[in-house]
Amino acid sequence: MNSSTRIFALLGRAVDYSYSPLIHNTAFQALGLPYHYTIFNIAEAALVGDALRGARALGLGGFSVTIPYKQTVVPFLDELSEEATTIQAVNCIVNKNGKLIGYNTDILGFASPLFAYREALHGATIALFGSGGAALAAIEAFQRYFTPKQVLLFARDSQKAKSQLRSSLALERYTNLAIVPLSDYERVRECRLVINATPLGTKGRADGSAIIPLESNLLHSEHIVYDMVYNPTITPLLQAAQAVGASTIFGIEMLIGQAEQAFTLWTGEKMPTELVRQTVMAKLQEL
């Protein structure tokens with residue numbers, strides 16, 4: 001890295017565990033691009049605006065945005081893409097000649113591994129846990145790409161979740177969305193697809209290992225279980241799903257899917273996706 005190297009970074013809080021630097025630096029090096037990707041941990045939301053103003057002044061190339069700032073960054077950007085405007089959440093920022101443009105590549109990144117199940121999801125009920133930026137992307141993905149009967153959004157505080165969603169979404173668009181209390185988790189049994197859009201299950205976290213009590217035998221072989229957590233590769237939720245013969249989707253698929261689009265937005269090049277996947281999987285297997 002030298003003075004002519006263009007810098008890209010992940011904006012988040014306590015995200016040193018992230019594999020985004022490995023993904024993007026592998027791709028930059030493979031294509032011979034003079035770019036470097038790093039992590040910027042921002043301690044509190046009040047500092048996000050300062051960070052983005054500094055990035056503009058320093059000429060940084062762009063950012064990935066993760067927990068908990070996907071919505072926090074929105075007011076500080078100069079422009080939003082259509083899909084980011086729709087859900088008022090951003091996970092990718094491009095610095096285009098001093099103009100910071102926000103995108104949401106989570107929507108298609110989330111949807112991509114589900115396209116193989118499109119027929120199975122037609123007319124189905126879906127269980128979605130989480131109410132942050134990742135959950136917003138999932139809700140919008142179902143609106144754009146799939147035809148479920150109903151999406152059940154499980155929330156610890158239903159009223160708070162509804163208020164949060166209303167601040168980001170035009171809720172009248174989502175006629176099949178129902179917000180239900182977390183205490184109704186037994187309804188998971190009736191769902192075809194179960195999604196974890198929370199950090200629960202992430203390696204090193206002390207706040208629980210799964211979105212539902214795994215000893216409750218709610219999962220069955222007809223389920224498709226999608227965990228957005230990617231470290232560990234096989235989370236406690238996915239382990240429980242595999243044990244009963246359910247189909248599983250690993251979080252690494254969404255991670256790489258959204259990163260692939262961000263890479264193209266930053267560089268105009270196509271990411272060498274298979275090389276990236278092999279590199280990340282090899283790293284995860286070392287742990």
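Cβ atoms are placed via backbone N, Cα and C, with glycine included.
Swiss-Prot names SER18, TYR19, SER20, THR66, ASN91, TYR230 for binding shikimate. Of ASP50, ASP106, the residue it gives for the same site is ASP106. Among the candidates GLY59, GLY61, GLY251, the residue that Swiss-Prot names alongside GLU82, GLY130, SER131, GLY132, GLY133, ALA134, MET228 for the NADP(+) site is GLY251. The least crowded of the binding-site residues GLY130, GLY132, GLY133, GLY251, judged by other CB atoms within 10 A of its own CB, is GLY132. Taking the mean position of the Cβ atoms of SER18, TYR19, SER20, THR66, ASN91, ASP106, TYR230 as the shikimate site, the remaining same-chain residues with a Cβ inside 8 Å of that point are LEU10, VAL15, SER64, LEU255, GLN258, ALA259.
A gap of 14 Å separates the Cα atoms of SER131 (NADP(+) binding site) and THR66 (shikimate binding site). Counting only the Cα atoms, the space from GLY133 (NADP(+) binding site) to LYS70 (active site, proton acceptor) is about 6 angstrom.
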